[in-house]
Amino acid sequence: MSVDKNEETGATKVSTASLPALPQVPSSRAPSTLNLLKMTSRKELAEYIIMIIVNFANVGLVLIKGVAAYVSCSFSIGTSAIESFGDVFVSILLLVQLCLDKRVKKSEYPRGRSSESTTNLTASVVMMALAFVNFIQSFDALITGKLEPDFGLPHILVIVVNILVKIFLFFVCLLKRENNQIRVLMRDQLTDVLTNSIALIAVCISYTVWKECDFIGATIIFFLIVRNWAPIVSESWFKLQGVKGSKDINKKIADLLSTNLGLFSTLTGYATYHIGNKAIVEIYCETENSEKRAEILSKFVDDEIHAVYLLPVEESKHVTLKTLPVEGDSDRTAETDAAVQLLQKV
């Protein structure tokens, strides 16, 4: 098999017989719940179970902590409960996304329309707004002399139980940390352990020595919430405007294309762009038949890739594409780099 590069169009031509692609007519019906279970492998089922366990545990913990914060009038526990509420929201959202990934037929879904950036932006703004309101209330109570937390051993015990359960959930998530959604949940558990620990220290000091320490604990947790969620606001905002693929995802796509170059009749180039935490990949190419197309798509199954689209070469005229380097080009690049280094030494 030989590979030729057209200097005028930039297309990479693979010397295999070119036949017109057979049309694919996918079913428009989404798979039922029973079919979803049949389609789910043991690995995916384990991920579902972990996410369900984390969801139920998070909901239970945030309810208990919310009641403890209300009864004790503690701003430290209250701010920590707000941070835990964010974990509940994120874990439910990730579980819904995991289910939708199974139900939605990506071949029929418009490119670039599926993005969690809007939800992330909304959740981040709501979280920081709640934390800010709680901080203002705690500051007002401190200034007006109304900071009167009423702690007891049961409230301290609630925080200790929260920390222990969060540590347990962290190790549960650690079992399937290769999954992106599970990895996000794993980091959330560590963040909650940190905020609960700060709340525990503040409550203990307030209970035994200095009641104003409750405000200090609430303030530290407030700034942690802003630190964690503010970057998500800016990142989600820019991703809503459209962001090109990162260097890492482009390198991954280039490596996959180079490895499977024999599956294409003609490969003009590819384009990538991010939606949320995953990337859309558009490959402008020609293939022999529908079997080749299916085989190509199977090679691009990855946690960082949302969907891959094989598009006709004709549609690439007004698109800035990335192309694969030809062996001769890479040799010339290496020689050029060596010459530049030699001149710099002189």
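Glycine too: its Cβ is placed from the backbone N, Cα and C atoms.
Note that the structure is a prediction, hence the values are computed from the model and not measured.
For reference, TrEMBL has these:
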TRANSMEM  48-71  transmembrane segment
DOMAIN    52-238  domain 'Cation efflux protein transmembrane'
TRANSMEM  77-100  transmembrane segment
TRANSMEM  121-139  transmembrane segment
TRANSMEM  151-172  transmembrane segment
TRANSMEM  193-210  transmembrane segment
TRANSMEM  216-238  transmembrane segment
| message | Using a threshold of three or more Cβ pairs below 8 Å, and leaving out pairs closer than 6 in sequence, do the transmembrane segment (77-100) and the transmembrane segment (216-238) count as in contact? | response | yes
| How about the transmembrane segment (151-172) and the transmembrane segment (193-210): at least 3 CB pairs under 8 Å, pairs 6 or more apart in sequence, or not? | yes
| task | Six or more residues out from either end of the transmembrane segment (193-210), which same-chain residues have a Cβ under 8 Å from its Cβ atoms? | result | 74, 76-77, 79-80, 83-84, 149, 151-152, 155-156, 159-160, 162-163, 166-167, 170, 216-218, 220-221, 224-225
